[in-house]
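Pulled from TrEMBL:
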- A:Ser40: active site (ACT_SITE)
- A:Lys83: active site (ACT_SITE)
- A:14-96: domain 'Peptidase S26' (DOMAIN)
- A:101-146: domain 'Peptidase S26' (DOMAIN)
Amino acid sequence: MFRGFFVKTISFVGYTVQYGCIAHCAFEYIGKFVSCSGPSMEPTITNHDVFFSERVSRHLCRIQKGDIVIAKSPFDPKMNICKRVIGLEGDKVCTSGSSDVFKTHTYVPRGHVWLEGDSLQNSTDSRSYGPIPYALIRGRVCLKLWPPHSFGILAESPNNGRIL
Amino acid sequence: MAQTGFGRRYFKAFVSGFFVAVPVTVTVLDRLAYVARVEGASMQPSLNPDGELSPDVVLLNRWSVRNYQVQRGDIVSVLSPKDPQQKIIKRVIGIEGDFIKTLGYKNRYVRVPDGHLWIEGDHHGHSFDSNTFGPVSTLSPFQFPPNLAGFSRSCPWSGVSHHLATQSVAADRAVCLSRTKTAVKLGWSNRGWL
């Protein structure tokens, strides 16, 4: 009787390990569900929306301008940020605000990306801390799942002038 | 009839084994440990003292850095901020909040920002490190310190032996630098000073 119980426990642990590893591989290499909070990406993303973010384009290095990406915060490795890619390496980005008279530009260094939130007034992004390394990007947000009335692919950037 | 039965059983066994072996291996390599070969001369004499003749193979311990706790003196493997597909192995000189006196960086003194590290190769002047690109963010090192334990010369994996450090760095933990033909090297390397 004790032996049967022992065998059952071992097989249960074995199945848990196997399915845990499969889940890890799926989350790491295919995609996962994320929930974003904060006002920096309005109106594209509102508070507590649920998305599916895919990891395939990150591993194949196919992130493009205009994609919304999830990245690790450069100042706190335990926090994630969700922003739009405005410039890739070598691109020219505008660093001055829309109300400034003189426009300043800078070039994104090699291996870095320039991120900005869609809601320019409520977002701390590359305009404050500079371009972030491409290696910090964790995935690309591709599909909005909740709330159901705005299900589907995410919209283009509402700030047309930012992407040069 | 018997042939088809055998083929189907074989196929089923193969698929079920595949779905156990591949995810478990990938998870172990991502979360626990990872083996890598060191190229280049930027960490001489600690790593690759013979240069390209016999490159060292190191075991990278990913489990110990799952909470991003890295100490000064650890050797870490990071993703290069200039090229996200290249990994570089260097030593941590400063963690967040430290003031570093740099060697050839654009500012003479640098305060390491929050969430960043200052890494340098042991072979100063031949190293592509923070003196070139500045502090690195803690998440781009997602692979972490080589966990080093000693190996005897006779055969690999036979046991763990610790020897005292042969280099002139002050260390408060024993370091083993024995080199074997298979070049699998594990050991702790810790610099007691900043």
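Note: Cβ is positioned from N, Cα and C throughout, glycine not excepted.
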Would you report the average pLDDT that the model assigns to the domain 'Peptidase S26' (A:101-146)? 87
Specify the secondary structure state of A:Ser40 (active site) as given by DSSP, simplified to three classes. coil
The number of other Cβ atoms within 10 Å of the Cβ of A:Lys83 (active site), counted over all protein chains shown, is 26
In three-state DSSP terms, A:Lys83 (active site) is classed as strand
DSSP-wise, what's the residue breakdown of the domain 'Peptidase S26' (A:14-96) into helix, strand and coil? 20 helix, 28 strand, 35 coil
